[in-house]
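What TrEMBL annotates here:
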{"type": "TRANSMEM", "residues": "27-47", "note": "transmembrane segment"}
{"type": "TRANSMEM", "residues": "59-81", "note": "transmembrane segment"}
{"type": "TRANSMEM", "residues": "93-112", "note": "transmembrane segment"}
{"type": "TRANSMEM", "residues": "124-147", "note": "transmembrane segment"}
{"type": "TRANSMEM", "residues": "153-169", "note": "transmembrane segment"}
{"type": "TRANSMEM", "residues": "212-233", "note": "transmembrane segment"}
{"type": "TRANSMEM", "residues": "248-269", "note": "transmembrane segment"}
{"type": "TRANSMEM", "residues": "281-299", "note": "transmembrane segment"}
{"type": "TRANSMEM", "residues": "305-325", "note": "transmembrane segment"}
Amino acid sequence: MSLAHLFPRAIESGSKNAYVNIDVVPWHWMFLLVVIAVLLLTDLLVVHRSAHVLEKKEALIQSFAWISGGLSFAAFIAWQFGGNATGEYIGSYLMEMSLSADNVFVWAVLLAHFKIPSQYQHLVLFWGVIGAVVLRSLLIFGGIALLEIFEPAIAILGLFLVYAAFSLSREKDDDKDFNPSEGRTLRLFQKVIPSTDEIRGSALFIRDTKRGLVATPLFAVVVLLELTDAVFALDSVSAVLTITSEQFLAVASNAFAILGLRSLYFLLADVQAKFKYLQRGIALILGFVGFKMIVAYFWDWHVSTQWSLSFIVLVLGLSVGASIVQNRRPS
C-alpha cells in the first residue's frame, strides 16, 4: 500500500522526491517477525534469564546490540528494496528514536511511583514495550489507510505536526510534571482490574485469599506504559508517515526504534535532563516534516528522502553537540 497516487507527476517522471513504492510479499513480514521474536526471546530467556539490576556497562552493551540490530536491518532493506527504501527506513528509525525520547521520562516516573525494584524494571519494560509496538503498528496501518482514502488528511497531518512542534518549542521543564496517581487511566484501571500494592517477585498477578487473582503494581505499570505510549505515538507515527508510506518500512523502523529505546532507558533515565537543546531540535524536526507534508499536498513540491534524512541527522547532531558543550561550561 502506498501514497503514490497522491504524487502522480513525481512517479511518472521518476522523481526521487516521491515516496518509494516497494513490492512487499508475505515472507518479508515473516522474516521481520522472526528476527524480532528471536531477539526478544534471546533477551528474555538468555540475557535476562534471572532478574538482576542492570549496571551501566551492561546497559551500554545491550543498547549497542539493539541499535546495531535496528541499523543492520537496513542492509536487508537495501538488498530487497534498494537505496531509496533504505533511506526511508533509516529516516523513520531516527525520527522514531528522537521523538520517543520523552517516553524515557514517563517510564522513569511510572517505575518510581509504583516503587518497582530495579531488578524487575527490565521485565516490566519488556512487556510494556511489546504492547507499545503492537499499538504503534495498528496506528501505522490505520494512518496509511486514512491517507489512502482521504487525501486532505496529509495536509491535516502536516498542520497537526506544525502545531505539535510549536507547542513543544514552548514547553518548559516544569510543564513535564507527571503524577500517575492523578490520572484517570490509573483510577479506571483500579476499578476494572482487581489489584494490590504488594510486589511479590516478578509476578504480574498473584492470588489473594479473599479476592482471588489480583494484579500487582508490575502489571499496572505494563498497562500504563502501553496507554501513555499510545498518546506519545500520535506525534511520532504521524512524523514517520511523512517519510514513508510503506507499512513494512514504517512498522519495522518503529519496532526496532522503540525496542532499542527500552535498552537506552537504563542509560538515559538519569542524564536526559542534560540534553537541554534536544527538545528544541525535536521541535524543529517536527516542524520540518509538518511543513513538508503541507507543501507536498498544496503545491506538489517534494523534499527527497536523502535531504530529509540529512536534515534529521544534522539537527539531532547539533542539538546533542550543543547540549554537551553547554554542560561542560562552568556554571
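Glycine is no exception: its Cβ is also placed from the backbone N, Cα and C atoms.
Taking every listed stretch (59-81, 124-147, 212-233, 248-269, 281-299) in turn, the largest tally of C-beta pairs under 8 A with the transmembrane segment (153-169) is reached by 281-299.
At the 8 Å Cβ threshold, with sequence separation of at least 6, the transmembrane segment (212-233) lacks contact with the transmembrane segment (281-299), having fewer than 3 such pairs.
At the 8 Å Cβ threshold, with sequence separation of at least 6, the transmembrane segment (59-81) lacks contact with the transmembrane segment (124-147), having fewer than 3 such pairs.
For the transmembrane segment (248-269), the partner stretch with the highest count of Cβ pairs under 8 angstroms, out of 93-112, 124-147, 305-325, is 93-112. Only residues 6 or more beyond the boundaries of the transmembrane segment (124-147), in the same chain, are considered here, and those with a CB under 8 A from a CB of the stretch are 1, 3, 6, 40, 43-44, 48, 107, 111, 116, 153-154, 157, 204, 218, 221-222, 225-226, 229-230, 233-234, 236-238, 240-241, 245, 247, 250-251, 254-255, 258-259, 261-262, 265.
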